[in-house]
């Protein structure tokens, strides 16, 4: 049987290891318990988290046991990695709500039945921790000089790094120590932006428990130009259908750049590599077939086959190939809004994030109403604009929404 490490490397997941040869041997000989941490900074996971869950799912399919750690405790501080400013502090009530929402989402992707995976919250051991005891037990193993040289702190030192955030590395390292002690967890997986924090955890386990511990980082989801993927005009690409509709989600992947198709097929689907290579080798207009497969498969994993099929049908209907128009994202508007400015209605319907963005679209010729380009910022929406009680809004080349009179 192939080592899961070969699968992960072939599909492009692995960025860095702490101990590559030992990790390979461990994954061949044992069913390894490993963990990935997720901070509950919002009430939904987004596409950046999805790649981490795919990483976990490949490991679980190979017989290893994942621990999904929700950072209910560390979220009270906020991770400074990759941030230029201190994160806004959240209330305990907000964190608890976000944790509950994220738990529900995770269960779609990871099998938690019969102890095949474990869900834990570090609030259980961090929030009641005695601070002096923590410093004596954990702080003694950390060098401030070494911490200050870590990439996650370097970029913050000039702008100001609070002592609160400086503790984050100790707390994340302590998570690994607790999981190692309680569940014999031997490995931490995470995004490449977590490398410094992960090394700290590995070293803490090795020093304090005298046990072997390992870390592997996953590549971040970036496009061919090195920019993070998963951002839309309305913000992040969420996994919650209330925040990003299955249709919008499908359309995002249907419209990725040609150069990004192969990477996305590798990282975000379970399609066998032979088929990934075949799809990725398509050229010209044929690459659109690969994009349709990508969009359908990713949407199916996140929202289920039924929603993926509806999104596909909606896209086909809008591009003149038949299909069901009823699945296009729809906003119901009361008749009392007739005569209001179109841009105000689009902002209220969350079709555009702001009036300024709406004006930019109009200026660039990127906003259409029933196939006619909107040229006037102050265009009002009148009853005459509605055909059979609805209007079709098009943003850019391929984003559609319907407004119906309620």
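In case you wondered, yes, glycine gets a Cβ from its N, Cα and C as well.
The model shown is predicted, which means the values in this text are computed figures rather than measured ones.
Residues or ranges marked as L-tyrosine binding site in Swiss-Prot: 35, 168, 172.
Among the features that Swiss-Prot reports, ATP binding site is placed at 231, with the record citing sequence analysis. DSSP assigns residue 231 (ATP binding site) to a strand segment in the three-state reduction. A C-beta separation below 8 Å, combined with a sequence spacing of at least six in one chain, links residue 231 (ATP binding site) to 237.
Confidence across the domain 'S4 RNA-binding' (340-404), taken as the mean pLDDT and rounded to a whole number, stands at 86. According to Swiss-Prot, the domain 'S4 RNA-binding' annotation covers 340-404, on the basis of sequence analysis.
The annotation motif ''HIGH' region' is assigned in Swiss-Prot to 40-49. Residues of the same chain lying 6 or more positions beyond the ends of the motif ''HIGH' region' (40-49) and with a Cβ under 8 Å from any Cβ of it are 70-72, 75, 78, 87, 90, 95, 97-99, 101-102, 105-106, 191, 220-221, 228-230, 236-240, 243.
The motif ''KMSKS' region' annotation in Swiss-Prot covers 228-232. For the motif ''KMSKS' region' (228-232), the residues of the chain that approach it from at least six positions outside its boundaries are 46-48, 220-222, 244, 248, 252, 256, 260, 264, judged by C-beta separation under 8 angstroms.
Look at the binding-site residues 35, 168 and count other Cβ atoms within 10 Å of each Cβ; 168 has the fewest. DSSP assigns residue 35 (L-tyrosine binding site) to a strand. In the three-state DSSP reading, residue 168 (L-tyrosine binding site) counts as helix.
The binding residues for L-tyrosine are recorded as 35, 168, 172; their greatest pairwise CA distance is 17 Å.
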